[in-house]
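Before I ask anything, here is the structure I am working with.
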């Protein structure tokens with residue numbers, strides 16, 4: 001038993017999971033009713049459900065980001081792509097039917113992701129620079145689509161995507177689970193996981209092994225764009241409006257953080273989808289906690305930063321080692 | 001008394017985890033001489049240079065500079081002593097001006113501020129007087145050709161040096177005229193009394209420029225020779241000839257009759273700029289064909305072109321009488337061509353992955369992205385090859401990083417065997433691994449050939465090439481200079497071919 005426990009602590013997911021658990025317990029002290037879940041009209045209500053529900057856009061985007069980071073890349077345009085897809089859906093829905101709106105919004109995400117992938121793989125532009133283009137231009141495009149206003153939507157089906165309930169649970173949770181399972185499927189049931197991890201780890205050797213890195217890179221950026229579009233639909237459906245300026249603002253930073261907290265290295269190679277999900281949940285819990293404690297809004301960012309630094313340090317093996325060695329006397333062999 | 005030696009080192013040894021990179025190497029450099037260091041990949045040339053420049057700290061031995069013992073523990077200390085080096089890749093800043101590049105880190109100052117006028121003046125003077133080149137020193141470095149950039153790097157090194165200049169492969173990216181220019185400069189520096197250490201794998205150049213040659217092999221000091229008293233053949237033999245200390249059990253070789261066998265591969269006029277000059281190659285089914293030649297002769301480069309890692313600029317390749325249109329690793333693997341590359345660490349293993357994943361990687365790319373090999377099958381394949389190649393590991397889920405060099409090499413071999421190749425290209429499969437694994441891999445090559453797999457074999461050790469191959473193509477300076485087979489294929493004849501100068505080229509039938 002002890003052995004298994006020890007083995008578990010060595011798993012990448014151990015530290016983010018511990019941090020998440022710690023925060024949930026902390027919340028229990030602040031609000032004794034934190035873990036309570038009520039059933040009203042067959043719908044589940046409660047803080048936990050709420051956190052889960054709200055974190056779904058971040059979870060989905062972080063999953064896409066995980067793939068990109070696994071190949072030593074980064075996609076900082078996800079927030080803008082999210083805004084574009086929401087705006088597209090809203091604009092089309094004004095005159096056309098909702099299904100067309102949804103499909104086009106998703107296609108827009110795919111096109112954006114493909115564009116990023118093209119710049120990175122074929123033209124070999126550094127990922128940060130390549131995706132910076134869409135980060136900057138993307139919100140402008142979204143504004144063009146919405147005509148500079150916040151478009152409101154009035155469609156039952158669409159708002160169900162953001163606020164509806166299915167079998168007691170909020171609908172977005174199902175979307176999140178679906179995306180997660182799809183990515184697990186890609187990783188475990190196709191060779192994509194193997195190829196991605198090997199090009200992320202050693203590009204040259206992968207080429208010698210016959211992997212075609214360009215295709216894989218194109219694929220992961222496209223998936224990342226698609227994930228951002230899905231998140232965009234959920235976000236806009238949740239508030240029944242598309243805000244080109246503020247939807248998904250800074251979400252790319254939270255997503256990168258979620259990936260790193262989840263144990264995937266920015267240097268590429270092995271990637272951990274489960275870890276990423278825990279990381280995203282942790283960030284959402286942190287935000288919720290900070291608000292529920294009632295910390296002065298002006299210093300919210302500082303508190304968030306401190307906690308994140310702490311988690312990152314816990315994850316760093318060399319930090320843990322130096323921490324463990326503290327207080328131990330130095331032994332000299334002379 | 002003026003000391004005879006500018007730089008003298010005794011008994012230098014350097015250990016890396018698991019490898020003895022240098023053992024008991026001595027080296028001397030006189031004032032006003034050009035001294036070449038020769039050796040194949042992994043012979044210890046670069047390690048020795050890195051010891052002299054303070055990049056690596058030696059584990060044993062001593063170094064004397066003008067007969068005074070010195071302690072080189074950092075690049076800084078070597079520079080302070082006046083030992084400066086120019087490495088293969090120009091180590092300058094492309095976006096700074098020539099003058100800035102020459103004086104970076106040691107700018108002349110006036111009242112605490114950089115004296116730009118002085119820098120410009122001194123840079124111009126330096127280039128003109130020492131190297132005899134006149135260029136605008138305020139232009140950015142990248143506006144000049146590689147050859148000029150190299151000269152600028154040398155100028156910087158010369159200015160900082162007080163007698164010892166190390167040039168590591170300075171000619172590998174230069175054309176003939178530029179090499180001539182460089183040699184002129186080297187000669188004039190020599191006249192001035194500098195000692196120059198020259199590393200190059202071009203035999204011609206070494207014979208043209210150097211006064212003495214030190215030969216290293218497998219980290220051992222082989223000898224120190226006066227250039228014009230060392231026949232080329234002896235030099236080649238010292239570098240790649242039989243290792244007498246290793247009592248290899250030579251089997252009586254049987255020559256296969258392959259004349260009747262079908263043609264598997266034929267290439268005509270294959271060429272790629274900067275790696276191989278146009279040449280023809282033919283391979284018959286079941287044959288083991290060796291590529292012999294020194295480092296940089298085109299042996300690895302030819303293999304890379306055949307596999308499709310590097311695309312040929314011209315020429316056509318036929319496999320099974322079928323013309324190959326687009327050449328790339330994936331399509332090559334699909335056609336049954338496998339390539340086990342020379343540099344295991346960079347081109348072979350994928351550290352993060354497990355042994356199982358590393359083994360099935362080649363087969364998986366052959367099958368494609370969507371046809372993922374089921375886990376049971378993966379385990380079966382991995383276990384099969386671990387048993388077949390006797391890879392020593394507690395489990396197939398072990399990270400490949402934890403294995404020794406020999407076992408890693410076997411994993412990479414397993415990766416390629418698992419793809420069921422008809423043509424297997426082995427580029428130095430026994431390099432840098434222990435003697436036991438070496439024997440096992442050689443045995444494996446015999447067994448594979450017996451099973452009818454065609455093998456293209458490259459090795460820096462001639463003895464190994466002769467022992468394993470049915471036929472050998474000899475390369476020198478990116479050209480095919482001959483072919484040997486049967487009784488004719490001996491170490492001595494191959495070395496003769498490699499050592500002969502350009503002038504005798506025409507007499508060799510090809």
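Placed from the backbone N, Cα and C atoms, the Cβ positions cover glycine too.
What TrEMBL shows for this protein is this:
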{"type": "TRANSMEM", "residues": "A:12-31", "note": "transmembrane segment"}
{"type": "TRANSMEM", "residues": "A:51-69", "note": "transmembrane segment"}
{"type": "TRANSMEM", "residues": "A:76-93", "note": "transmembrane segment"}
{"type": "TRANSMEM", "residues": "A:99-120", "note": "transmembrane segment"}
{"type": "TRANSMEM", "residues": "A:132-151", "note": "transmembrane segment"}
{"type": "TRANSMEM", "residues": "A:157-186", "note": "transmembrane segment"}
{"type": "TRANSMEM", "residues": "A:216-235", "note": "transmembrane segment"}
{"type": "TRANSMEM", "residues": "A:247-264", "note": "transmembrane segment"}
{"type": "TRANSMEM", "residues": "A:271-293", "note": "transmembrane segment"}
{"type": "TRANSMEM", "residues": "A:299-319", "note": "transmembrane segment"}
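Help me understand the surroundings of these features in the structure.
Within its own chain, the transmembrane segment (A:51-69) is flanked in space by residues 75, 78, 82, 127, 170, 172-173, 175-176, 179-180, 183, 196, 220-221, 223-228, 230-231, 234-235, 248, 251-252, 254-256, 258-260, 262, 264-266, 268, 271-273, 276-277, 279-281, 283-285, 288, which lie at least six positions past its ends and keep a Cβ under 8 Å from the stretch.
Residues 57, 61, 64-65, 100-102, 104-106, 108-109, 112-113, 116, 128, 131-139, 141-143, 145-146, 151-153, 155, 158, 224-225, 227-233, 235-236, 241-245, 247-252, 255-256 of the same chain sit 6 or more residues outside the transmembrane segment (A:76-93) yet have a Cβ under 8 Å from a Cβ within it.
With a cut-off of 8 Å between Cβ atoms, the residues of this chain six or more beyond the transmembrane segment (A:132-151) that come close are 76-77, 79-81, 83-84, 86-88, 90-91, 94, 112, 115-116, 119, 241-245, 247, 252.
For the transmembrane segment (A:216-235), same-chain residues at least 6 beyond its ends with a Cβ under 8 Å from one of its own Cβ atoms are 56-58, 60-61, 63-65, 67-68, 70-71, 73, 75, 77-79, 81-86, 89, 102, 105-106, 108-118, 120-122, 161-162, 172, 175, 179, 183, 192, 195-196, 199, 247-248, 251.
Long-range neighbours of the transmembrane segment (A:271-293) within the same chain, counting only residues 6 or more positions beyond its ends whose Cβ lies under 8 Å from a Cβ of the stretch, are 12-13, 16-17, 19-20, 23-24, 26-27, 30-31, 47, 50-52, 54-55, 58-59, 62-63, 65-67, 69-70, 180, 183-184, 187, 193, 196-197, 200, 254-255, 257-264, 300, 303-304, 307-308, 311.
If one looks beyond the transmembrane segment (A:299-319) by at least 6 residues along the same chain, the residues whose Cβ comes under 8 Å of a Cβ in the stretch are 15-16, 18-19, 257, 260-261, 263, 282, 286-287, 290-291.
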Before we move on, state whether the transmembrane segment (A:12-31) and the transmembrane segment (A:247-264) share at least 3 Cβ pairs under 8 Å, counting only pairs 6 or more apart in sequence.
yes
